[in-house]
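Working notes, beginning with the structure itself.
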């Protein structure tokens, strides 16, 4: 008699843009992997008392810093990882998530001038991205012990959103007997990777990753794509990517189609070919080169990319509590609502209008009414979110739970203690999420093989210790049970971090001044030496000191407001 297969629950992880708060996302992932690993070990050691259902991470999508974390997670699907359970453990742990985000991502490295050694090369960014290249080389190196992780799907999908500055041309034609047409350009791009042993049955336009060989060209492309999705415009250097031209013709677009009774509308897949120039149309294998910046500009929460993998082409994920068997799980360090001005007064100043216009374009590009409709429903069990939480009665000194929130989310780069705090808050929030919120009603088939003893041990309880019941009277059980006693013990808050005012006004000011001088030299025209000399002299005499003082004062005021200065 064949062994009965245990029920399975699929997860699509979505990592939202975060800038320096990627340290928080890294902490969430660190605890999630630790919990899944402990559960797998318990299945082997104590199968009689351990829930035996399966949880598999099938898809990972990300934008910006979330894209970097997602790509990093892909490298760990077949590699060992020592969880960083406390700051004391960090010094001895082999943990690429922690080292990449907490130890290496430092502002002083970003204020160096390694990227400007070649006098003929143009200035690509205000900050030196050499350290990011080094972090990527480290993170994607084939180090660490090979490890089988059964909670990663064998065909793991990794999808990163990117903002394609070159664009892909499309054309809308008006009638078959006219040459009239409307041209469009597609920029909210993405790049798709899949773990697979061969190229058979790969999704259209996807790149195959060998999970045990990091030296293939596809892994190099993933590394470059991770740097591309995080290339914050102006601040960090844009990246150039390459892919076959024909990839875009293979993409499926879901178009609305009216039913015969006209009362309903469904969606049908359609391949819409780009309108390439004639020289490109006959060469689908031709290389398409394009410049990319931060994927978060166009798609900061790529939910639909993970959803499409989970549900399949045109499919949907069951949302009801008794039917859900897969879910999108988003990690969003900055889920705060966009402020709506109730005392609105139109500001017609030209600079203000330009600033408002850019913000409007950004928000409109990210607007997703289909996701909004689902968010308004309370009984949806096919999507969950982990977000920062550190309430004031638990020791926080600021309403913002993350230290990285400062300076438009760049604040975490200022000091390792900021990133350390956010990493461990991510671990704590993930622990709370798995214990209390990532749950399903006990009537869900996922728990059909649980014993009554197991259910009694894992029923979700409220703060008073009573078993929680939803509006329908159903008790809840965790999708990922915490099996190790150490995982159940509440993770303590780290002390709220601060930066030394002396370091800010001396060491950091000097670094800002030095980097600003490098940037100014790069921007001034070499073809006009006299003008260049005059402008450089003005910079040295008047501009350098004023600029650095202005920058440091801005940082000082923001950190002071957030209680991040000693």
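Cβ from N, Cα, C; glycine included.
Pulled from TrEMBL, these are the features on record:
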- 13-307: domain 'PNPLA' (DOMAIN)
- 62-66: motif 'GXSXG' (MOTIF)
- 64: active site, nucleophile (ACT_SITE)
- 294: active site, proton acceptor (ACT_SITE)
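Here the motif 'GXSXG' (62-66) has, by DSSP, the following mix of helix, strand and coil residues: 2 helix, 1 strand, 2 coil. Rounded to a whole number, the distance between the Cα atoms of the residue listed as 'active site, proton acceptor' and residue 64 (active site, nucleophile) is 6 Å. Along the motif 'GXSXG' (62-66), the predicted structure has mean pLDDT 97.
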